[in-house]
Amino acid sequence: LGGQKLMDPEVEERGHWGSKVEFLLAVAGNVVGLGNVWRFPYLCYKNGGGVFLVPYLVFVVTCGVPLFLLETVIGQYTQEGSVTCWRKLCPLAEGIGYGGLLILLYSCMTYIIILAWALFYLVFSFSSELPWASCNNYWNTDECVDFSTANETIRWTNRTNLTSAATEFWERRVLAISGGIEELGGIRWEVLLCLITMWVICYFCIWKGVKSTGKVVYFTATFPYVMLIILLIRGLSLPGAFEGVVFYLLPDPSRLTDSQVWMEAGAQIFFSYSVGVGNLAVLGSYNTYNNNCYR
């Protein structure tokens, strides 16, 4: 009876994923985001190298996968979004959905700016000479040093104020950091244009609902893995790569007794699986009502 009530004509208009693959790719794209690419390697390095995988896998089995499945099932059963699903399950808990939307609002504002910076760098990467690889640009200062080509046999009398070309490009060209909080500075029109472009791209990725999103995920979910593989191959080909990998992953078993390590492993699970913010409920709501979630 509950299934018959949920599968009414209004719910049918919501649409469904074109295939199981589209749903899996959408979930993979949700899990493997910018934050995970940056944050997880840092946490491994900070919390004992390879030994960090022990608490991480423990929380994956005990928290990550069960909560992931539970939230997906909520969306699939109700065939509703992250807010309206609670109206059917428990109207008193509807505030959970609104709280998740607020978190997502702040997250989108953060990630879209990062994507705008990435687009800015992408445009400049087509230059004949990379602007962040030299000190011959108008925004560079006398303290700028290209460490990649610097001759270590030259002895500098004072290295205190030296900055790399990449740092000056970031601070003086991209951000144009002002002298202090009392100086607002001007609008970075190039960055603003990149920001608007990213918002427009995001809009067209979702403007037709699951029909457009289901096609976009074929690129957005697979491209990060391709880039990670390329960066891995490039990194392993650099001098000293083996020593760096050993230093990075060398286990430190004593770190397992530190409660901070376990806390950060648990926080990373909730962060990477997007549990509790409504993403999974929305993605699951586009599954068919009789979809087998265990497969």
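Cβ coordinates come from backbone N, Cα and C, glycine included.
Residues annotated as transmembrane segment in TrEMBL: 21-40 (among others). Residues 72, 111, 114-115, 213-215, 217-218, 220-222, 224-225, 228, 268, 271-274, 279-280, 283, 286-287 of the same chain, all 6+ positions outside the transmembrane segment (21-40), place their C-beta atoms under 8 angstroms from a C-beta of that stretch.
S272 (Na(+) binding site) carries a helical DSSP state (H, G or I). Residues or ranges marked as Na(+) binding site by TrEMBL: G29, V32, N36, S272.
The transmembrane segment annotation in TrEMBL covers 52-74 (among others). Within the chain, the transmembrane segment (52-74) has long-range Cβ neighbours (under 8 A, six or more residues past its boundaries) at 27, 43-44, 85, 89, 255-256, 261-262, 265-266, 268-270, 272-273, 275-276, 280-281, 283-284, 287, 293-294.
Annotation source TrEMBL lists transmembrane segment at 95-124 (among others). Outside the transmembrane segment (95-124) by six or more residues, the chain places 33-35, 81-86, 130-132, 174, 190-191, 194-195, 197-199, 202, 276-279 with a CB less than 8 A from a CB of the stretch.
As annotated by TrEMBL, disulfide bond applies to C135-C144. The local packing around C135 (disulfide bond), expressed as other Cβ atoms within 10 Å of its Cβ over all shown chains, amounts to 18. According to its DSSP assignment, C135 (disulfide bond) is coil.
Taken from TrEMBL, the feature transmembrane segment applies to 187-206 (among others). Taking Cβ pairs closer than 8 Å, the transmembrane segment (187-206) reaches residues 112-113, 115-117, 119-120, 123, 174-176, 212-213, 216, 220 in its own chain, all 6 or more past its ends.
Summarising the annotation, TrEMBL assigns transmembrane segment to 226-250 (among others).
Outside the transmembrane segment (270-289), and at least 6 residues removed from its termini, the chain residues within Cβ reach (under 8 Å) are 3, 6-7, 14-17, 23, 26-27, 30-31, 33, 35-36, 39-40, 63-64, 67-68, 71-83, 85, 96-97, 100-101, 103-104, 107, 210. If you look up TrEMBL, you'll see 270-289 (among others) marked as transmembrane segment.
The Cβ of N36 (Na(+) binding site) has 15 neighbouring Cβ atoms from other residues within 10 Å, across all protein chains displayed. Neighbouring residues of the recorded Na(+) site, listed in sequence order and excluding G29, V32, N36, S272, comprise A28, N30, V31, G33, G35, V37, P224 (Cβ within 8 Å of the Cβ centroid). Between C135 (disulfide bond) and N36 (Na(+) binding site), the C-alpha separation comes to 32 Å.
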